[in-house]
Amino acid sequence: MASALLACGRQLSCALGGLSLGHQALGAIGGAFRRHASSHAENTNTFLREALVKLDYPEKLQNLLLTPRREMSVELVVQMDDGQIEVFNAYRVQHNNARGPYKGGLRYHPQVDLDDVRSLASLMTWKTAVMDIPYGGAKGGVTVDPRKLSERELEKMTRKLVVAIKEIIGTYEDIPAPDMNTDAKVMAWFFDEYSKYKGFSPGVVTGKPVYLHGSLGREAATGRGTTFAIRELLKALHMGKIADQKYVIQGFGNVGAWAAQLLWEAGGKVVAISDVAGAVHNEQGLDIGALRKHVASGKPLAEFTGGAAVPKQDILLHPCDVLIPAAIGGVIGPEEAKKLQCKVVVEAANGPTTPEGDMVLRDRGITVLPDIYTNGGGVTVSFFEWVQNLQNFKWEEDDVNRKLDRKMADAFAALWAVHKEMNVPLRTAAFVVALQRVTRAEVHRGFD
């Protein structure tokens with residue numbers, strides 16, 4: 001399979017001009033994405049350019065792959081509860097739809113801007129390609145601090161957004177999903193408002209409440225996918241089973257908590273966990289079921305009686321077999337990478353390792369399972385939800401989990417094959433697989 005993809009890439013390079021690619025060309029192409037971009041966007045593009053160098057794609061093919069198809073900016077005029085009028089900037093970037101409808105989340109955050117949304121839309125193109133889901137990549141956002149809005153104001157703003165972008169989204173065109181500061185409730189408003197104009201359309205968004213055409217298994221999907229990814233990596237590295245390892249997890253939100261729960265249920269020893277306020281450890285293994293009940297009751301994680309509190313800033317340096325950053329991006333830079341005491345880093349968060357940190361980990365022989373694959377369980381089960389909406393038939397949760405397992409295993413097999421054949425890190429292999437799948441779709445569909 002890897003050989004066929006590599007051969008396809010070489011043929012496409014010849015067909016599209018055969019221009020050799022130097023560092024100046026890479027810089028010029030990346031420049032438009034670097035400007036005013038977030039650090040995560042910058043890091044993603046650095047990793048992407050590394051894969052492009054390995055593929056030796058001609059410059060015009062790179063321009064095709066990196067340039068968004070459409071960018072839309074709108075202003076949302078909302079009358080607030082006190083009668084005042086506020087205007088919110090909103091964006092939707094549709095990066096690439098060669099492999100299927102655009103797909104990507106919708107975030108509400110005060111620092112959202114067009115450059116950030118553009119970069120995240122690009123990342124979704126590669127993530128859906130790595131997971132071999134028939135989607136393209138898109139992203140949307142509104143520049144707003146949702147904590148300062150009442151629920152009624154938030155709903156009005158969401159419905160205004162739907163009206164503003166309804167002509168460029170749709171069940172077979174562009175399917176938004178929850179992202180930062182958006183949830184199932186926001187998706188329900190989105191579905192309802194869109195259906196007023198276009199008729200009953202549950203497939204226009206994913207991440208909806210289970211009782212309103214959502215999918216069973218969606219809540220745990222990213223954490224469950226992370227667990228499947230760890231299992232596949234351990235097998236490939238001949239490290240044994242999940243139960244044979246010690247784990248440290250940074251982050252106890254949705255992804256970190258579900259990953260911890262599932263690893264614990266599989267017999268793994270989760271020896272340390274942190275959240276935004278503190279950290280706790282137990283070298284014999286934390287009782288994750290009891291810890292989740294403790295946190296759900298409103299008590300601080302660090303006060304859990306089944307372990308000892310440790311400084312949260314030291315969590316990444318705690319000795320373990322598998323380190324799982326599942327919180328925020330950019331936490332493993334070069335200095336942290338020099339001090340890690342683990343065999344494997346599994347990136348459940350988006351962009352937790354900087355390019356400089358990644359180079360240090362490579363030099364130290366620490367394997368990194370990249371975010372573009374590891375946290376792909378979420379978008380995969382979003383795809384399953386969309387399919388159920390098209391069928392108007394709800395799957396059993398066991399069906400969802402079984403299909404997710406197969407998708408995660410198949411995706412790992414593809415990137416592992418490229419990793420071995422090209423002798424590149426798993427991160428580079430993941431981007432190579434994604435680039436080649438999108439390229440093949442672009443060229444075979446034609447340009448007229």
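Cβ atoms are placed via backbone N, Cα and C, with glycine included.
Here TrEMBL flags Lys139 as active site, proton donor. Shown in sequence order, Arg92, Val93, His95, Gly104, Gly105, Leu106, Arg107, Val117, Arg118, Leu120, Ala121, Leu123, Met124, Asp179 are the residues of the chain, 6+ apart in sequence, with a C-beta less than 8 angstroms from the C-beta of Lys139 (active site, proton donor).
The substrate binding site annotation in TrEMBL covers Lys103, Lys127, Ser382. Its Cβ placed at the centre, Lys127 (substrate binding site) has 25 other Cβ atoms within 10 Å.
For Thr222, Asn254, the entry in TrEMBL reads NAD(+) binding site. Neighbour count (other Cβ atoms within 10 Å of the Cβ, all protein chains): 23 for Thr222 (NAD(+) binding site).
Positions annotated as site 'Important for catalysis' by TrEMBL: Asp179. For Asp179 (site 'Important for catalysis'), the Cβ neighbour count at a 10 Å cut-off comes to 20, with all displayed protein chains included.
The local packing around Asn254 (NAD(+) binding site), expressed as other Cβ atoms within 10 Å of its Cβ over all shown chains, amounts to 15. Sequence-distant neighbours of Lys103 (substrate binding site): residues of the same chain at least 6 apart with a C-beta under 8 Å from its C-beta are Met124, Thr128, Ile133, Tyr135, Gly136, Gly137, Ala138, Asp174, Ile175, Ala177, Val379, Ser382, Phe383. Listed in sequence order, the residues Gly104, Met124, Thr128, Met131, Ile133, Tyr135, Gly137, Ala177, Gly378, Val379, Thr380, Phe383 complete the 8 Å Cβ shell around the substrate site centroid, once Lys103, Lys127, Ser382 themselves are left out.
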